[in-house]
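> As listed in TrEMBL for this protein:
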type: COMPBIAS; residues: 15-24; note: compositional bias 'Low complexity'
type: DOMAIN; residues: 25-73; note: domain 'Phorbol-ester/DAG-type'
type: DOMAIN; residues: 86-133; note: domain 'Phorbol-ester/DAG-type'
type: DOMAIN; residues: 148-199; note: domain 'Phorbol-ester/DAG-type'
type: DOMAIN; residues: 357-456; note: domain 'Ras-associating'
type: DOMAIN; residues: 546-683; note: domain 'DAGKc'
type: REGION; residues: 1-24; note: region 'Disordered'
Amino acid sequence: GGSPASSPVLGGRGRAAAGGSSPPGHAFRRVTLTKPTFCHYCTDFIWGLAGYQCEVCNFMSHEKCLKNVKIPCSCIAPSLVRVPVAHCFGPPGHYKRKFCAVCRKSLESPAFRCEVCELHVHTDCILFACSDCRQCHQDGHLDHDTYHHHWREGNLSSSARCEFCKKTCGSSEVLSGMRCEWCGILAHAACCVIVPPECTFGRLRNMILPPSCVQLFSRNFSKLHCFRISENLQTESDEDDDVDGSTQGSTKDIQISTDSSKQTLKIFDGNDAVKRNQFRLISVPRIAKNEEVVEAALRAYYINDDQQEYELQTFTQQVLLSDDVINRNDAAEDSNLGSVFRESVPEAWIIRAKPKDEEVIRIYPAWLKVGMAYVSLRVNKDSTVQTVIKEVLPLLGRQTECLQNFKLVEVLMGSKQVQRMVLDNQELILSRLKDIRKTSIRQMNQTRFYIVENSESIVQVNLFVGGLPPQLSPEEYTNILKEELAIKTNVVSVSHVYQAQGAVVLQISCFSEAERIYMLVKDTVVNDKPLNAVVIPAVMASKIPHNCCPLLVFVNPKSGGLKGRDLLYSFRKLLNPHQVFELTNGGPLPGFHTFCKVPSFRVLVCGGDGTVGWVLGALEEIRHKLVCSEPSVAILPLGTGNDLGRVLRWGAGYSGEDPYSILVSVDEADDVLMDRWTILLDAEEPAESAENGIAEPEPPKIVQMNNYCGLGIDAELSLDFHHAREEEPGKFNSRFHNKGVYVKVGLQKISHTRNLHKDIKLQVDQHEVELPSIEGLIFINIPSWGSGADLWGSESDNRFEKPRIDDGLLEVVGVTGVVHMGQVQGGFRSGIRIAQGSYFRVTLLKPIPVQVDGEPWIQAPGQIIISAAGPKVHMLKKSKQKQKK
């Protein structure tokens with residue numbers, strides 16, 4: 001409803017008031033139920049004639065529950081959005097026991113889900129989902145430090161209980177119950193209204209990067225790019241999705257309308273839908289009043305307005321008048337039959353809004369912080385944008401300010417993108433409304449007008465570009481980017497240079513230039529190496545609360561089969577997505593750069609031991625550029641061996657534990673120190689390289705070691721496994737299969753003999769050590785080897801100190817062959833204790849297989865020097881109390 005022209009109406013804080021005591025926006029009608037159905041309010045069965053159904057959103061209710069229904073209808077959902085934020089949809093998939101947030105029906109066919117919040121929608125309902133996603137960063141349009149609960153309805157487990165009345169609020173049968181997507185609090189729809197609006201982020205508050213501390217100018221980038229979600233998750237183009245969605249919806253409706261007494265009509269909601277051939281199907285009686293058809297068409301587009309304000313037109317733009325009667329034979333009926341709609345000659349109709357001489361519009365002043373959600377204003381055919389601003393300012397307490405300091409912004413709150421357009425001061429408001437409705441009735445329902453103060457907004461897009469040649473100067477990197485990407489130096493500058501990694505961070509002050517560079521990088525190759533680009537946010541460290549220690553999460557989606565992908569999705573939901581990084585998209589460096597100014601943070605690495613080593617190596621290289629130079633690192637083991645994860649009590653491997661419980665365990669973990677070691681590989685050039693076929697040795701190189709380093713049979717098995725995985729990588733997606741391959745390559749070497757002790761010389765702390773008859777020599781830093789085996793053993797020995805991961809010493813152990821290794825794996829024997837020290841020199845007399853933390857290769861004759869690598873690294877060890885629980 002509107003308001004008198006003389007008295008504009010002030011809206012409430014954040015919500016539109018429903019008229020009277022009726023449920024918000026629903027169009028209920030009594031239905032006869034032929035089978036038991038669940039009430040969406042109390043989740044109990046509805047029988048017989050006791051049911052009421054909303055004709056717009058399919059909300060089902062007992063008659064006794066009607067007066068208590070608080071859930072708004074989908075048709076008014078856009079008006080309840082506090083801050084419009086577009087969703088981030090991945091590819092369509094099958095989701096069991098989930099329900100569509102628009103039509104409330106189960107997701108039996110492929111559907112979309114948001115990668116940032118818990119929204120699930122059918123493919124044909126995605127256009128009607130409004131932009132009510134979580135706000136995870138500031139985008140230059142809104143700046144506030146207080147966050148409200150972000151409620152999402154339904155898709156809770158049947159065991160979910162309300163935080164206030166302690167009764168069950170979840171259901172696996174209907175869309176029921178509410179959950180805050182920041183703090184995770186659960187409540188009934190009726191109970192959540194009594195919850196204080198401010199959200200404190202719940203149990204994980206100290207680990208979550210507050211959205212008010214993150215800034216990202218993202219206008220020209222898709223949500224997938226903003227949250228660094230892999231390109232292979234992108235769906236087809238929007239146009240294709242729209243067409244596919246309408247087709248699927250059409251098929252579904254055709255199956256419903258098989259009654260011979262009814263007919264199916266195509267309904268378009270405007271010129272945009274006609275252009276895209278994007279329609280909705282409605283089923284109406286073969287003889288029906290025109291008003292009934294208009295009403296059915298409106299509800300197909302989730303609009304619950306008065307049908308008197310709309311009319312139907314054919315493709316020839318001829319309006320179907322209320323007294324027109326059309327039948328299949330084009331014969332006019334007697335006028336006393338009234339306004340009747342029969343099966344029409346044209347197949348499709350367009351629903352149009354009738355022109356108005358005046359109407360009431362809402363003006364939202366959210367960015368002015370005036371303490372109200374909107375003001376309602378009556379406009380007529382002479383009202384311009386300037387007159388609207390002039391009338392609104394006094395209502396906001398800004399009557400003394402100059403009109404030229406403000407502008408009116410039209411905002412389209414689409415599900416995939418929030419589009420903003422500044423209106424010209426002389427533009428007629430009613431003419432603009434008419435154009436929007438002519439384009440799309442649906443889009444009109446998702447359009448708002450904001451009054452905004454004019455200010456020169458400083459655009460700053462940060463783009464991480466990797467894959468460049470290492471060890472160049474900033475000027476050389478700038479020249480390369482000029483040549484390859486034709487960057488405009490007046491709007492693009494190099495803000496950070498990572499020479500060792502061959503990466504730079506670009507600071508771009510133009511949206512279109514940032515988008516152009518981002519898209520161009522994907523197809524650019526420098527020195528036969530492809531470049532990669534990542535959009536990264538700016539973290540405002542000064543705004544981070546003192547007791548907050550955000551968690552930086554790295555996930556290797558290639559580890560643990562498909563479990564890495566699932567963990568990425570879960571951690572994005574539980575934390576701020578801007579603190580979750582996918583390692584296949586630029587490696588660890590973008591994450592560390594994002595957190596470089598954060599005064600205190602922790603790291604969680606989800607992957608195998610190789611992934612952990614990758615992240616620790618990157619941390620070692622960049623720590624001098626971090627304010628928090630020694631962050632503690634936790635592990636979620638996703639690999640095959642997971643020896644470091646075992647030592648730190650994180651388990652033998654992830655097997656589907658609740659991600660929330662994992663984060664709580666990380667929060668409660670104990671800080672411990674661990675040694676890291678540097679291995680210098682200095683191969684000498686062999687005299688007979690051309691004759692025996694040995695490849696020319698590489699220049700000296702340095703690798704880092706965390707767990708162990710093996711020479712001989714141990715490395716040979718790892719090398720064979722590595723080759724098998726390279727040949728058929730698709731088969732190596734489970735720990736069980738991987739270990740089976742290890743056993744297979746081990747059995748093939750069981751009769752193999754290699755007198756390793758004759759091929760190498762060992763020096764420990766400047767003293768020569770005589771080697772026994774062995775086939776493998778292993779340097780161990782942690783008390784776990786080969787998937788949990790204790791290679792050193794637990795027997796006391798006066799010759800050596802008891803090993804610890806922070807004692808500054810390595811243990812040297814020998815194995816006599818594959819059988820010995822199998823006995824160690826089975827716990828029947830230990831290795832042969834050889835030495836313990838802090839500095840080692842190994843001389844190779846011939847090419848020998850070498851592996852460091854599971855990465856194998858053939859090392860040419862020469863020297864291998866192992867020594868302590870700088871400061872000890874801080875690791876997180878799972879507390880015993882949590883493990884017992």
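A Cβ is built for glycine as well, from the same backbone N, Cα and C atoms used for every other residue.
Predicted automatically and left uncurated, TrEMBL annotations should be read as such.
Buried or exposed, and what's around them? Tell me for each listed feature.
Summarising model confidence by region, the domain 'Phorbol-ester/DAG-type' (148-199) averages a pLDDT of 89.
Helix first, then strand, then coil: DSSP counts for the domain 'DAGKc' (546-683) stand at 53 helix, 32 strand, 53 coil.
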> Count the residues of the domain 'Phorbol-ester/DAG-type' (86-133) that DSSP assigns to helix (H, G, I), to strand (E, B) and to coil, and report the three numbers in that order.
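When I sort the residues of the domain 'Phorbol-ester/DAG-type' (86-133) into the three classes, I find 3 helix, 12 strand, 33 coil.
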> Sort out for me which stretch, of 86-133, 148-199, 357-456, 546-683, has the most Cβ pairs below 8 angstroms to the domain 'Phorbol-ester/DAG-type' (25-73).
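Between the candidates 86-133, 148-199, 357-456, 546-683, the best contact partner of the domain 'Phorbol-ester/DAG-type' (25-73) is 148-199.
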> What counts of helix, strand and coil residues does DSSP assign across the domain 'Phorbol-ester/DAG-type' (148-199)?
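Output for the domain 'Phorbol-ester/DAG-type' (148-199) reads 3 helix, 12 strand, 37 coil.
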